[in-house]
Amino acid sequence: MCGIVAYVGHREACPLVIKGLKRLEYRGYDSAGVALMNGHGLKIYKKKGKVAALEHELDGKETHATIGMGHTRWATHGEPNDVNAHPHYSFHRKLAIIHNGIIENYAAIKQALLKKGHTFSSDTDTEVLGQFIEDIWEHQAGASNAGTLEDAVRLALQEVVGAYAIVIMNEADPTQLIAARKGSPLVIGVGENEFFLASDATPIVEYTKDVIYLNDYEIAVIKDGTLKVVTLDNTTTTPYVHKIELELEAIEKGGFDHFMLKEIFEQPRSIADSMRGRVQADDATLQLGGLRDYLDKLAKSKRIVIIGCGTSWHAGLVAEYIFEELARIPVEVEYASEFRYRNPIIKEGDIVIAISQSGETADTLAAIELAKSKGATIFGVCNVVGSSIARATDAGAYTHAGPEIGVASTKAFTAQVTVLTLMALAAAKRKGTISDSLFRQLLAELESIPAKVEKVLQAADKIKEIAYIFTYARNFIYLGRGLNFPVALEGALKLKEISYIHAEGYPAAEMKHGPIALIDEDMPVVVIATKDSSYEKIVSNIQEVKARKGRVIAITTEGDTHLPGIVDFTIEIPKVHEVLVPLVSVVPLQLLAYDIAVMRGRNVDQPRNLAKSVTVE
Ligand code: M6R
């Protein structure tokens, strides 16, 4: 969703901000803009469409400045157009503001300002906030207790309901940037006499590794080369400077046509990274540092409730099978967006596991807060280090998949499933519900997964040929049973989000309760039919599809000689223990979706309407 970049220091701000906006393109957006300040005053340039359109707009303009800020907007209030794009001037043009999030009470504030004679050029809640801050500032300036812009920001934000990360430039002070956050991420990069602000560390990493994660209800005031952080109730805090480990190569395409393809091919490494330092198959040890003090609680829990959205929810469904199978703990998996608006029953001894790649998903964050208020212990499984969800949880484990830039989640899914499997194994071991031999076997099998995924990736050309045949299919059905049912859901989600083909995932046996009516010679059916405990059953389901002339693409286990005689196409994967099969069976589905989307000419990394990190509900 929206992206923020700002800079003040000694460098040329405009190219730095534009480059930063490009690094944030992956978040999803529909317009972009910059504000720059130099001897000619505070200037705003903005444009509907991509950052490239904004660059075009800037051609030939006087852009020299050492302070500036930029924004990519994902429309919420008002359609995507030049006027609604950020930054926005305040009413008297003393300030410029950029904003991520939603100001829920903007209509009431706008009414009050309209009564005072204000007019608005955009439909956005952001312009309202900018005018509100300026109004308070001007009002203070006229009073005997004249306040600073910082005071005005603080007072305004005390009145605001909603979520925000904002940055403000002050026309009267070319050294000043004021930023604040509540519910939307904001990272401050600290350099030598220079500061960077961004929605995540990707625009900052090539300049400095020293970053501060602004907390909710904090305001950062950068002025005359110094940084001060205060809370909304005006207490000065001492920010903690983190060293980020992110390397520049991790956020570049590295020779691949798309980030998504790079991330699919990174999985042998990212799965290994999610186990690194945690699994020692040789001596059958498993350690999860972030769970150490909570492992007993997990093992003794009466129930686990897993919450997440999209792909993270699918990883939760896989984990449900694994926790129940190995640790014998009942599991419920729920969409965070539903959980947050119910009155869920949380009992003593319940554990909530929140799964999120970005760690910023608004629905998941809100669901965590609700669960916390009911006394639950919250575990997090996040990819982005220092993210809001990671910080809101009591314990947890990072997935260490590295930055995921493609909107379609791929390596984050396999890393989530890996980490959740480790959690289930650790709980099972502590609880005594797993035999030593199975524990040892699964650790060894886990260590072999990266090589098995590598083998699946070698079938990329064959998958491309199949994708070519089905490029213009209008619908797809994905079927799986047991642990492969969530994989079917994930395969369907991948296809629909990047190719815009309608696709549905079903438990294979459910097909006869409705979806079978859709099957004819035009319907491609992807069936994950690996050799496991439900193999015979799923072969029968395939027969049912074939009897109705459906065209079956089957994901089969290496050495299966039976299915190639029945189905239209097979993609083989190596033999994997049943509990771990999703880690491998999902990979061909990621490639199939990718290839079809590319063949249809879609924007794979930034599909229409989608955002990488969904920070609004
Ligand atoms: O960052 P999160 O894991 O919390 O994101 C959840 C979903 O928005 C995300 O998985 C989304 O469904 C992806 N586009 C799926 O590819």
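FYI, residue positions are counted from 1 along the chain as it appears here.
Even glycines carry a Cβ here, placed using N, Cα and C.
TrEMBL entries are annotated by machine, without manual review.
If you look up TrEMBL, you'll see Cys2 marked as active site, nucleophile. Residues or ranges marked as domain 'Glutamine amidotransferase type-2' by TrEMBL: 2-225. What TrEMBL records for 294-433, 459-607 is domain 'SIS'. Taken from TrEMBL, the feature active site, for Fru-6P isomerization activity applies to Lys612.
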Checklist line | For Cys2 (active site, nucleophile), nearby residues of its own chain (Cβ under 8 Å, 6 or more apart in sequence) | finding: Arg27, Tyr29, His71, Thr72, Arg73, Trp74, His86, His99, Asn100, Gly101, Ser184, Ser199, Thr615
Notebook entry, point to check: Using DSSP, what's the helix, strand and coil tally for the domain 'SIS' (459-607)?
Noted result: 73 helix, 30 strand, 46 coil
Notebook entry, point to check: Near Lys612 (active site, for Fru-6P isomerization activity), how many other Cβ atoms are within 10 Å of its Cβ?
Noted result: 26
Check: So what's the average pLDDT for the domain 'Glutamine amidotransferase type-2' (2-225)?
Finding: 93
Next item on the list: Please list, for the domain 'SIS' (294-433), how many residues fall into helix, strand and coil according to DSSP.
Entry: 66 helix, 28 strand, 46 coil
Checklist line | Collapsed DSSP category at Lys612 (active site, for Fru-6P isomerization activity) | finding: coil
Next item on the list: Could you say whether, by DSSP, Cys2 (active site, nucleophile) belongs to a helix, a strand or a coil region?
Entry: coil
